[in-house]
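Asks: Below is one structure. I have some questions about it.
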Amino acid sequence: MSHPLTASLNPEQRAAVELPPEHALILAGAGSGKTRVLTTRIAWLLSTGQISPAGLLAVTFTNKAAKEMMARITAMMPLNPRGLWVGTFHGLCNRMLRLHHRDAGLPAGFAILDSQDQLAAIKRVMKTLNVDDERYPPRSIAQYINGNKEAGIRAEKAQARDDYSRTQRMIYAEYESQCRREGVVDFAELLLACYELLERNAPLRDHYRSRFQHILVDEFQDTNQLQYAWLKLLTGPNSALFAVGDDDQSIYAFRGARVGNMLDFQKDYHVKHVIRLEQNYRSHGNILNAANAVIEHNRDRLGKQLWTSDDDGEPIRLYEAATDSEEANFLVDEIAAQQRDGIAADEIAILYRSNAQSRIIEHALVAAGLPYRVYGGLRFYERQEIKHALAYLRLVANQDDDNALLRVINFPARGIGNRTVETLTDTARIAGTSLWQAACSAGSGRSAAAVGRFVHMLDNMHVQAQGMALPDVVNMILSLSGLYEYYQNEKEGEERLANLNELVNAAAAFVTEDENDLVAFLANASLEGGEHAAEAGEAAVQLMTIHAAKGLEFHSVFLTGLEEGLFPHDNSLADPKGLEEERRLMYVAMTRARRRLYISLSQSRMLHGQMRYAPASRFLNEVPATLLKYLNRGYAPNSYGSSNTSNTSNDWYAPPATPRHVETPAHGLAIGMTVRHPKFGVGEVVNHEGGANGNVQVNFVQHGTKWLAVAYAKLEPIKA
DNA sequence: CAACTCTGGCTTTTT
DNA sequence: GCCAGAGTTG
C-alpha cells in the first residue's frame, strides 16, 4: 500500500522518505540515491498535506545542489519557487538578514565580500594598523578571522595569550569595525550575523522555529560548527531535522567541516532512526568492492558497506609509467581507444589530487587533438574584468564602499597613483569618513584634478542609474568607466570584452521582484561565483581535482598520480586525521566511476621545477589484488594490492625496462651494471637519461624498478 | 605613474 | 614550471 511517489524506491529509501516527523540521520553512501530521497521526502511531506510549502526549510551546501533540488521539487508539483526556503546556508542567511536587516544592525543594501574582497579588506586594515605582512600573512589572518567566526567568536572574545595572537586579535577587531563602517559582510559573517540575530531576538527566533516544521539538510558531513549551531537555533520543539550525509565522503575538514557534527547530531537530538542507504546504483561490483576495501582502513567511521545488484564488471586497470609525460600519453591513448569504442568524451573524467598535475595532461591532450574541459580555476564572477565592472556597480549602489573604490579608482589608468590614494586614505582616516567623501573634498593640483574627474564620473553614473533598468545600468557603467574602451584596445582583450557583454546578459537574465535589483544582483554575484572557467560546447573529456568531482559520476574514470607525497599528499601526513581524509578522498575518487576505473602512477614526476621520485601510494596496497588488472606487460601479479599479506612497505614492481635513450653514460653507470643503493639495496641498471645530471633506472632486487637522480642517489657500482 | 624584471612559494576550496 | 606580488627603472 505504498504511496505512488515512493513506489519505485528500495525499502531503505522508502523508509527514509516516509519517516514520521522526527529527527533522523540518513547515512547515504555514494550513488545510493541521496538526492532522490531528499527531494522525494519533500514532495511526500507536501503532497500528503503534512506541511505547507512555507513550513519547509531545505539547506544545501552549493548553489548547484540548491538549484537541482528546487528544480526537482517544482517538477514533481506546481509550486511558486519564491515561496520556498530552499537554498545554501549562505543564501538563506542572506535572505533572512535582508528581511530583518534593521534587527541585524545592517544597512538595507549591505554588500557581500567574497574571499578575494575579504583578503583585500584585510590587507587594507593591516596597512592602516601598520602590521608587517611578512610576519602576519594576510591569508593566515583571513583563516584566523574566519575560523573564529565559524566558532562563534567575536574579536573581543578571541583568546590571546602572546604578542602574536594579540596582534591577530587586534587586526580582527579592526577588520570588524571597518566592515561595519563600510556596510559589508563576508561569507562567515553572513552565517554569524544571522546566528546572532536569531539568538538575541527571541520573537523572531520563535517565529521561524514554529514556521519551519521540517528542516532538511544535504551533505551534512560538510557542515561546520556555526552551521550546525544555526540549525540548532532554528529547530523548534515541533520541528524535525532530517540530515542526510556520508561520513566517508567528508573531504572538507581543511575548511572547517566537522564530520563530528553527525555524531553530535545523534546525541544532541536523541535521534531514534539512523537509516543507511547502502545499495549503490552507480558502479559495478569490482569498483565498489575496491572502494569498500580502501575505506575500511579508516578507524573513525559510522560504518557502511556499499553493495550493488549489478555485475562485478571489469577489473580496475592499473598503469605505471616511468615519467609523468608517459603517464599522460597513456591517458591519451586509452581515451582515444575508448572514444573509438563509442564512449562519449564527457563520460570520461581524468581526476588528480592537485591542480598542478593538470598541465602535463592538458599538454598531451592538446598534442593529440582531444577536446577537454578543465574544472576549477577562476569562475565567471571572479574574473578580473568582471570584478572591475562589479566594483563600479557597487559604487553606484553605495559610494562609501571603499573596497570597490580602491579597486577601480585607477582602473582603467586615469593618473591617480599610489601617492594620491595614500593621501586620500589619510584624509579619510583623519576625518573619519569614507574614501569617497575624502575624494569629493580633494584640494587642487594635478592629481586632485584627476580625482575630481573620477568623482564627477561616479556622480554621473549615480545620476544616470536612477530609474534605469539593471542591464542598462551595467552597460552604462561599462561605457562611462572606460572599461569597454580599455579592453577594446588591449591586445588580448577580446575574451574579456566578451565576458563584459556576458555580464550585461546576466543582468538581463536576472529578474527579481526585488525593488532594488542592483543590490540583489550584486549579492547574487558574490554568493554564486558562476560557472567555472572552461570552454563549453563540444563534448570534451573532463579534467578536475578529486574534490571537484564529488557528487559527479562518469562511465570511465582515470585516477592519476597515485604516488606517496602526492596522494596521499605530504602535507596531510603529519596527523593521522589527515591521512584518513586523504583516504576518504581516494574513496570519493573511486566511486565516481560507473563502469571502468583506471588508476595510474608515475615513477618520476616534475614537481615545482624539480624531478621527484616517489614510491607508489599506500592506497594501492589497500586495493585487493584480485580486483586489479596490470596494464603494463611484465608486471608480476600481486605486486600492488597485497590484500592478504599485510605488507606495509611499498612493494611494487616496475614496467619492463624499455630503454628510451641510448647514450654513452657520463657518470660511469651503464646498462647492465649492478649497483648498490643505501636504502634500496642491490639492483641492476636498466636505463638512463641525461648524463651526470640526469636519471638512472635501476631494477632493485627488493624494491623493483625505480628512476633515481644520478646526482643524489649515491649509487655504488658493484660490478659491470 | 606605469611598465618591466625578479623572486619566492607552492593541496584540496564553497559560500 | 608558473604565477603573484615586490621591487626597480624609464
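Glycine too: its Cβ is placed from the backbone N, Cα and C atoms.
Bear in mind that TrEMBL entries carry predicted annotations, made automatically and left uncurated.
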Asks: According to TrEMBL, which listed range is region 'Disordered': A:299-318, A:639-658?
Replies: A:639-658
Asks: Using the structure shown, find which entry in A:Ala28, A:Ala30 (the binding-site residues) has the sparsest Cβ neighbourhood within 10 Å.
Replies: A:Ala30
Asks: Count the Cβ atoms, other than its own, that fall within 10 Å of the Cβ of A:Thr35 (ATP binding site), considering every protein chain shown.
Replies: 17
Asks: Identify which of the binding-site residues A:Gly29, A:Gly31, A:Gly33 has its Cβ surrounded by the largest number of other Cβ atoms within 10 Å, counting every protein chain shown.
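Replies: Counting every other Cβ within 10 Å of each candidate, the maximum falls on A:Gly29.
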Asks: So if I measure Cβ to Cβ from A:Lys34 (ATP binding site) and keep only same-chain residues at least 6 apart in sequence, which ones fall under 8 Å?
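Replies: Those within reach of A:Lys34 (ATP binding site), by Cβ under 8 Å and sequence separation of 6 or more, are A:Ile26, A:Ala28, A:Asp218, A:Val244, A:Asp246, A:Leu277.
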Asks: Take the mean position of the Cβ atoms of A:Ala28, A:Gly29, A:Ala30, A:Gly31, A:Ser32, A:Gly33, A:Lys34, A:Thr35, the recorded ATP site. Which other residues of that chain put their Cβ within 8 Å of it?
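Replies: Neighbours found: A:Val37, A:Asp246, A:Leu277, A:Asn280, A:Tyr281.
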Asks: DSSP secondary structure for A:Thr35 (ATP binding site), reduced to helix/strand/coil, please.
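Replies: SS state of A:Thr35 (ATP binding site) = helix.
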